Structure formats: structure tokens, C-alpha cells
Amino acid sequence: MIIYVQNKAFPHKTFVTSAKPRDKIARLRAQLLHILYELGKDDHLFRLRYKGQMLRDAFTLEDYEIGDNAILTMMPVGRSQEMLMEIRSMSSSEFSFDIHGQPANVKNALEDEIKTFDRRESMVINFKALLNVHLLFVFLSMLTTHWYSVFWLFLCWLLGVWFVPTYSRIGGFVGNTSHLKIQFCIGVLVLSVACLAVTLYFCISGWIFVASGDCSDWVESGHCSHKKIYTAALFTLHALALILTIVMGTFMLKNFRVDVGDLIEKFLVQERNIEQVMAMARNGKVKEKRAAAYDLAAMAASSEDNKFRIVAEGGLDVLTTMALSRDEVIQEHAVEALAELLTIPSIQDTFVESGGVRTLSAVLHSPVPRVMQEAAYALYTIVADSEDNKHAVVEDHGLDDLVHAAHEGTILCQRTVASIFLELIFNAEIRAQIASRNTPTQALVHLCKTNDPETLRFSLQSLEEDLLALLLDLPYRTMDEKLYLLAGKILLYYAENRETCEQLLSYPKARDTLDLFAKSRDAILQKVAVKIIFCCLEYPDLKAKAQHVGMENVLQYIRDHAADKDTWDMAEQSLQLYRSPDDLSGLPTLSTLEKLSKMEAKSGKFDGSQSSLGSNPKKDAI
């Protein structure tokens with residue numbers, strides 16, 4: 001598939017690379033290094049970003065869901081020239097950089113690959129020249145005593161000319177048969193060996209004939225002629241040409257197996273000396289800690305074994321300290337390394353027990369968008385993988401930190417925060433804690449205003465879970481009956497949907513809240529309570545659940561203390577349905593519902609909910 005890479009440093013040029021879904025990001029970077037080499041910019045240190053997320057060398061395109069025609073962004077590693085010069089000046093061989101800016105081992109691998117491809121270009125050119133030599137032998141073989149050999153020699157030459165690939169280091173393989181380059185080399189070896197066997201037979205038999213009998217004195221007589229000598233000599237030279245062809249075919253086969261990035265990739269994701277890296281992270285200067293933090297992030301992303309090795313060397317404590325560093329580069333890579341380590345559940349538990357969650361929550365206030373995003377991602381990993389660790393995230397000022405990230409973070413960070421809220425909402429205790437505060441709900445409302453579909457979806461799902469708790473808790477937080485009326489109208493929307501109605505009945509305070517509505521002595525609010533209960537009675541399983549939580553007491557209170565006759569009628573009819581078997585015999589009469597609709601239309605209240613009884617097919621059948 002084709003991948004496009006853009007870079008602000010080259011505003012009028014888009015890099016085009018080809019890759020397979022299972023190729024690592026390191027291979028893609030290797031291709032870009034070759035392109036930059038041709039532009040004379042191989043000193044450009046960079047990483048790749050896709051949809052706001054930095055791509056790690058050890059991961060594949062599939063891991064990041066990068067498809068055909070995707071557009072990546074090339075981002076410089078250093079934030080300033082001063083930082084680059086500091087890293088380049090490091091004397092440690094483990095982190096050595098040459099004068100061109102790339103790590104020494106990566107630079108050497110790049111030069112080796114370029115030499116390999118230069119040799120490939122020369123070999124292809126030389127092989128085409130060798131094919132011309134073979135064509136000469138084809139014509140000369142017509143003058144030998146074995147003139148019939150011209151047929152298979154010409155056929156072999158024709159196949160070679162037709163399938164020989166065309167290659168240049170800059171342009172790569174071109175032509176209709178370039179994808180058959182490996183098969184071509186194998187075919188060359190097979191045909192050359194076959195032709196060599198026949199040619200050697202002609203050569204040896206010819207020289208044996210020349211050396212014996214009539215040609216022993218090299219004078220033409222009898223069966224000995226110049227043609228016999230010419231035949232033996234020609235096939236001798238042809239055998240040498242075929243041996244040279246076999247040698248070139250072998251080298252080409254080995255060379256063609258090397259693709260762009262084969263030599264560079266292993267150095268981009270290579271294993272580091274973790275003990276040395278940890279020593280530099282603990283005791284090094286700022287420039288050494290930057291390199292150590294970067295390497296720890298790269299090692300953590302490369303394999304699970306590296307993750308456990310880092311933790312075994314005390315890496316969690318070191319990275320937690322570095323995450324609070326005032327240096328933005330150290331902080332960014334330290335948080336990135338933590339995010340990678342926390343993908344292992346056992347490491348998560350150790351991190352939470354050591355109080356590391358407080359560090360990640362504090363990092364959410366970082367002014368650097370990348371740092372904030374990595375911290376949010378690490379927190380999401382914690383809440384998504386463990387129910388027990390969710391409480392650690394909301395402890396102290398955890399919710400306030402998430403609210404800050406929701407307001408100040410980038411689009412990708414907001415999406416992650418919305419996902420965190422959605423995971424937290426599934427915990428009943430945390431949901432109640434969120435419902436008791438205004439700022440988390442305000443943050444979710446703010447996230448609902450974004451244009452990002454994923455953020456919007458996660459936020460709405462969180463509000464769906466959180467809003468029900470807020471509405472049912474409202475009577476316990478205020479005495480304002482106007483707010484009761486607004487909450488009751490929204491609860492009626494919940495009741496009209498089977499799934500949300502079931503959630504409403506499952507909430508512990510549902511009956512008590514409706515009981516408070518009933519005791520308000522407001523006719524409209526009492527009617528809303530009756531309608532909500534009525535919706536719960538439409539399905540046998542929900543009716544049984546309503547009976548279990550004691551909704552009958554609410555209906556009886558409204559009937560006994562109805563604010564007007566219409567409210568009494570609705571409560572009476574609902575009680576009949578409540579006490580009736582699961583059939584239509586106990587449903588309210590159409591005249592009662594019409595009277596209610598006319599009364600509500602006249603009053604102009606609850607326009608959005610007055611269709612809740614008349615739009616149901618079960619009631620329309622009455």
C-alpha cells in the first residue's frame with residue numbers, strides 16, 4: 001500500500017513510500033531516511049505522527065490502523081537546535097551520534113544499504129552487457145559443428161532479455177517484470193547450469209577429438225578441420241561466460257533479497273543496555289537524561305520482556321520522577337515510557353500501589369500537549385484494564401485533573417479523557433461521586449461541543465449514564481419544584497425507551513424520587529410521575545421489576561392526594577394496569593387519555609412529552 005508523508009520543512013514536497021500492513025514503523029522511517037539522503041538532509045532527526053499520535057518504531061502499521069493512502073506527518077525529534085547539539089555532543093558510545101545527527105549505528109547501516117543498492121545497479125547493468133555477449137555466442141554457434149545448439153541458446157537469451165529487471169538506486173525496480181526479480185535470478189541459475197552442462201560436454205568432447213588421432217599435430221587432415229578446433233574453442237569460451245553468469249546470478253539473488261530498511265530497521269528498534277540507560281537516567285546530566293528517557297520509551301515499546309526488565313531495574317520510580325521534570329523533552333519521553341509499561345496489568349498494579357497515579361494526574365496540567373496526551377492515555381489504560389484501579393484515578397483531585405485536561409487538551413487528548421469518563425461511569429460508586437459534583441458534568445458537556453465524532457460519542461455515552469443519576473438525585477439537592485419539573489420531563493424520555501427505562505428502575509433512588517414528585521402537590525409533576533410508572537408497565541419484565549421496587553405505593557399516594565381530577569383518573573387507570581394480568585384488559589380507556597391530552601394542550605405545558613402515551617402502538621390499539 002502507498003503511504004504519504006508530509007513535513008513542514010519541505011512544504012512543496014510530499015514523500016511517497018510503499019509498505020505492507022505488517023511492516024514496522026521503523027521500516028517506514030528507513031525508507032524516509034533514504035529519501036532524505038538523496039535530498040542531502042540525512043541529518044534530519046524525526047519521528048512520525050498519525051492522527052495526533054506519535055508512532056513508535058517497534059509497532060506495525062496494523063497496530064495503528066494505518067491503511068492505504070494514509071497521510072503521516074514527519075515531526076522533528078528535538079524541540080530546539082540547542083537540544084540537538086547537546087545530544088550530538090554526548091561521548092557515550094551507547095548513545096553516540098555522528099556529525100550528521102543520526103545515531104552512528106543507524107548512519108552506518110544507511111551507508112551500507114546505499115552501497116548495497118549501488119552494487120545492485122551496477123550488477124544489473126553488467127548483467128545486461130553479459131546478455132549481449134551471450135547473443136554473440138548464439139550467432140557464433142551457428143558456425144560450429146553443433147549448429148543446432150543455437151535454438152536453445154537463443155531461447156535462453158530471449159527469456160533473459162524479456163525478464164531482466166531494470167533498476168536504479170533512486171528509482172528502484174521498474175518494468176512489468178520487476179516483481180519477478182527473485183524468480184528471474186533462480187531461472188538464470190537453472191538455465192545457466194543446464195546450458196553449462198551441455199556446453200562443457202561439447203567443449204570436452206571437442207578437445208578430446210582434437211587431441212587424438214587426426215588432429216594430434218594440429219594439421220588439418222581427414223576428419224580434423226579448422227571447424228572442429230573452432231567448435232572446441234568457442235564452447236570453451238562460452239562455458240567461461242556461463243560460469244560468469246552463474247556467479248553474477250548468485251550475487252544478484254543475494255542482493256535482490258535486501259529491501260530498503262533491512263539493515264536500518266534492526267538498529268532503530270535494537271536492544272539497549274538497560275543497566276547503562278537506567279544509570280544515565282538516575283545520575284546523568286540533562287542532555288543524558290533526555291537520551292535515556294527517549295531510549296526507555298523506545299525499549300518499552302519494543303517488547304514485553306523489555307518492560308519487565310525496566311521495572312526490575314527500578315524503572316517505575318525513575319520514570320515517575322522524570323515525568324515531573326521541568327525539562328519538556330525528558331517529561332514527554334518519560335510519560336511515553338510509562339504509558340507503554342502500563343499496558344501490562346501486573347505493572348499497573350505495582351504502579352498504582354506506589355502512588356504513581358497521582359503523578360500522572362499532575363502531569364495532566366502540563367502545558368505541553370504531547371505530555372498531557374500521553375498521561376491521559378496512561379490513565380485510560382489503568383481504568384480500562386482494572387476495576388479496582390478506577391478508584392485510584394478519582395482519589396484526591398483526580399476528577400479535577402481530568403476536567404482540566406477535558407478543557408485544555410488537544411482533540412486526541414479530549415477523546416481519551418472522554419473514554420476515561422465513560423469507563424469510570426460504569427462503576428456505581430464513582431458514578432454517584434461524579435453525579436454529586438458539577439465540574440465533571442460541565443466537562444462532559446464541554447466535550448459534547450467538539451467536532452470529533454469519537455469524542456462526541458464517548459461524552460454522550462458518559463452523560464447518558466451520568467445524567468440519570470443526576471436527575472434522580474436532584475430532589476435531594478434542591479427544593480426548587482421548577483427543577484423537579486425539568487428533571488421529570490427528561491426522566492419521561494428515559495421511560496419511553498425500554499433499555500433506559502430498565503436502567504431507571506434499577507437505580508436505587510428511583511421510587512423515592514418519584515415519591516417526592518408525587519408529594520409535591522403539583523398536578524403536572526404528579527402526572528409526570530404517573531406517566532413514568534405507566535411506561536414501566538408496558539412490558540411484563542419491567543412491570544414485574546416495578547412491582548418489586550414498590551411503585552404501587554407512589555400511584556396510591558397520587559390517587560389519594562391528586563391535585564385535580566385528571567391526575568386522579570390517570571393514577572386510577574395506572575393502578576388497574578399495575579394490578580392486572582399481563583394483557584390489555586387493564587389498560588386506560590381512550591377517552592381518559594384523550595382528556596389528558598386535551599388538558600395538557602390547553603395548558604401548553606409538557607409539549608415534548610404529551611405524545612408519550614398516544615404514540616405507543618399498544619395504547620393505540622385500545
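The backbone N, Cα and C atoms fix where each Cβ goes, glycine too.
What TrEMBL annotates here:
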- 1-75: domain 'Ubiquitin-like' (DOMAIN)
- 125-144: transmembrane segment (TRANSMEM)
- 150-170: transmembrane segment (TRANSMEM)
- 182-209: transmembrane segment (TRANSMEM)
- 229-253: transmembrane segment (TRANSMEM)
- 600-622: region 'Disordered' (REGION)
Can you count helix, strand and coil residues in the domain 'Ubiquitin-like' (1-75) using DSSP?
14 helix, 26 strand, 35 coil
Chain residues in Cβ proximity to the transmembrane segment (125-144) (below 8 Å; excluding those fewer than six residues from its ends, i.e. six or more beyond):
150, 153-154, 156-157, 160-161, 164, 202, 227, 230-231, 234-235, 237-238, 241, 244-245, 248-249, 252
Restricting to the same chain and to residues at least six past its boundaries, which positions have a Cβ under 8 Å from a Cβ of the transmembrane segment (182-209)?
144, 146, 149, 152-153, 156, 159-160, 163-165, 215, 223-224, 228, 231-232, 235-236, 238-239, 242-243, 245-246, 249-250, 252-253, 256-257
